[in-house]
Amino acid sequence: MALERTFSIIKPDAVAKNVIGAIYNRFETAGLRIVASKMVHLSQEQAEGFYAEHKARPFFNALVSFMISGPVMVQVLEGENAVLKNREIMGATNPAEALAGTLRADYAASIDENAVHGSDAAASAAREIAYFFTEAELCARTR
Ligand code: RTP
Ligand code: MG
């Protein structure tokens, strides 16, 4: 299968726990390459726009409040089957249901504060990457 890109966020809870490097290590160990990365403190407008698909859900306001509660790391991961691979590394949305050894099993406290985000499909990955990065900011890793 061809190389694929996915979008990832290390959420404010995990940044506060100082486990950015540990999480990056999981991505790299699984064969995913970081091709763009930055730390940002989201504005309310940015967080609401990013999670617009969840606007009608009961957890929307809590989700936005959490996502702006501190800085996050946003990154683009590249590799074979990157979207699905990243979802496997992350584990289930609710850490109580996440498989042992996944990021959410190891670093998430609850379904509301669950350490990481990852795109759920190729189309959402493309939209989410473009939300945070220009094409010029995505670095080829061909060396
Ligand atoms: P994410 O988008 O953050 O990668 O997570 P996901 O695909 O596994 O879950 P999604 O359904 O897209 O939900 C987005 C985020 O909203 C929060 N959530 N809370 N209290 C709840 O029932 C509930 N459901 C979802 C989670 O923080 C989830 O990651
Ligand atoms: Mg989602």
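Keep in mind that glycine also has a Cβ here, set from the backbone N, Cα and C atoms.
Bear in mind that TrEMBL entries carry predicted annotations, made automatically and left uncurated.
Here TrEMBL flags 3-140 as domain 'Nucleoside diphosphate kinase-like'. Residues or ranges marked as ATP binding site in TrEMBL: LYS11, PHE59, ARG87, THR93, ARG104, ASN114. Per TrEMBL, active site, pros-phosphohistidine intermediate is recorded for HIS117.
Spanning the residues LYS11, PHE59, ARG87, THR93, ARG104, ASN114 that the record associates with binding ATP, the maximal Cα-Cα distance equals 21 Å. Within the set of recorded positions LYS11, PHE59, ARG87, ARG104, HIS117, PHE59, HIS117 have a CB atom less than 6 Å from some atom of ligand 1.
Its own atom aside, the Cβ of HIS117 (active site, pros-phosphohistidine intermediate) has 20 Cβ atoms within 10 angstroms in the protein chains shown.
Taking the binding-site residues THR93, ASN114 in turn and counting surrounding C-beta atoms within 10 angstroms, the largest count is reached at ASN114. In the three-state DSSP scheme, the residue listed as 'active site, pros-phosphohistidine intermediate' falls into the strand class. Under DSSP, the residues of the domain 'Nucleoside diphosphate kinase-like' (3-140) split into helix, strand and coil as follows: 64 helix, 28 strand, 46 coil. The binding-site residues considered are LYS11, ARG87, ARG104; of these, ARG87 has the fewest other C-beta atoms within 10 angstroms of its C-beta. Per-residue confidence over the domain 'Nucleoside diphosphate kinase-like' (3-140) averages out at a pLDDT of 98. Cα of ARG87 (ATP binding site) to Cα of the residue listed as 'active site, pros-phosphohistidine intermediate': a distance of 9 Å.
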